[in-house]
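Notes follow the structure.
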Amino acid sequence: MTTFHSNREQPGCAAHCRTEQARFQGGRRKAAVGDEGDSSDMDRDNQTTVIKFLLLGLSGQSKQEEILFGLFLWMYLVTIIGNILIILAISCDSHLHTPMYFFLANLSCIDICFSSVTTPKMLLNHILGSKSISYMECLTQIYFFITFINMDGFLLSVMAYDRYVAICCPLHYSMIMKPKLCILLVVVSWVITNLHALLHTLLMVRLTFCFNNTVHHFFCDPYAVLKLSCSDTFINDLMVFTVGGLIFLTPFTCIIISYAYILSNVLKLPSAHGIRKSLSTCGSHLTVVSLFYGAILGVYMRPSSSYSVQDTVATVIFTVVTPLVNPFIYSLRNRDMKGALRKLISNSRKF
């Protein structure tokens, strides 16, 4: 006897099938939720596993990198030697133990440190054939970069104030610019810049970084590193524009006001010789201020999201070029400095 299977489902079977299908779909939903949880855990793990960054440098071509290595090595050595000569010349010549040269010696010391924060790591990576920098090294570089770049600004403003007192209040210069005041101005500048650098470094520590750890620069520029973060950088950008803007604009405003008073007083002088003599003492300082602040304004006075590879050129100006040209600007246009350098070199030859 042949048994035919009907296409119509039995009521009990249909209910059983619907129950199994619901269980299967429920299981799939639970599995999907579990997979999402696992993937989110993996994402969190990936965000915290960035232990180093890759510094791409200024060029991706090997021939250009060789040329840049030689150029940066030459500029770094000239920067170190030139600024050390300035410090030694001022220290060895008693005629240069004045407030202006005291600040210039401090500026030379800062320029040595500023160049040493970024350039040696780039040169070492090229020699070793590596582009990596550890997470802690990167944060350390950011801290000292912010410290020394702000110290440069504060010292330039103090030097502008010194020129203002020398030109506008010459009879009271020795009474105003006492050694205690000079030391106090430098110490206060150090305290402010270190606290400012600490603030931005601690804000950087709270950020998380995902898979992208490639820095399009030859050092850990704060803006270039901020662009790599997976976290919200609103607070970092806010601090840059508020606290950073205040730290930047305060010395810049002091420089503008000082030279406004200097210019108004110089124009009142009766002779052209007196005008040239007064402006000659300020020309070197104004050249350095223009180079330094012009480059910084073009790079950092905007959101970090707008930071581009082209900004690295402007960064090179105030990280490498300005410390390089400072000794030449201040020595070639200054008779006292040229005399002190000649005396230093002649005394060194005797030994």
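In case you wondered, yes, glycine gets a Cβ from its N, Cα and C as well.
Because TrEMBL annotations are produced automatically, they should be read as predictions rather than curated entries.
Sequence annotations record features per position, and here TrEMBL assigns domain 'G-protein coupled receptors family 1 profile' to 82-330.
The transmembrane segment annotation in TrEMBL covers 67-89 (among others).
Cβ atoms under 8 Å from those of the transmembrane segment (142-161) belong to residues 100, 103-104, 106-107, 110-111, 113-114, 117-118, 185-186, 189-190, 192-194, 196-198, 200-201, 204, 219-222, 225, 247-248, 250-252, 254-255, 258-259, 285, 288-289, 292-293, 296, 318-319, 322 of the same chain, restricted to positions at least 6 beyond its ends. Marked as transmembrane segment by TrEMBL: 142-161 (among others).
Cβ atoms under 8 Å from those of the transmembrane segment (181-199) belong to residues 99, 102-103, 106, 142-144, 146-148, 150-151, 154-155, 158, 239, 243-244, 247 of the same chain, restricted to positions at least 6 beyond its ends. Annotation comment: TrEMBL describes 181-199 (among others) as transmembrane segment.
Here TrEMBL flags 238-262 (among others) as transmembrane segment. Using a Cβ-Cβ cut-off under 8 Å and counting only residues 6 or more beyond its ends in the same chain, the transmembrane segment (238-262) has close neighbours at 150, 153-154, 156-157, 160-161, 163-164, 167-168, 192-193, 196, 199-200, 203, 278, 282, 286, 289, 293, 296, 300-301, 304.
Within the same chain, residues 149, 152-153, 156, 159-160, 163, 223, 240, 244-245, 248, 252, 255, 259, 307, 311, 314-315, 317-318, 321-322, 325-326, 329-330, 333-334 sit at least 6 positions outside the transmembrane segment (283-301) and bring their C-beta atoms closer than 8 Å to a C-beta of that stretch. Summarising the annotation, TrEMBL assigns transmembrane segment to 283-301 (among others).
Summarising the annotation, TrEMBL assigns transmembrane segment to 313-332 (among others).
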*Integer mean pLDDT for the domain 'G-protein coupled receptors family 1 profile' (82-330)*: 87
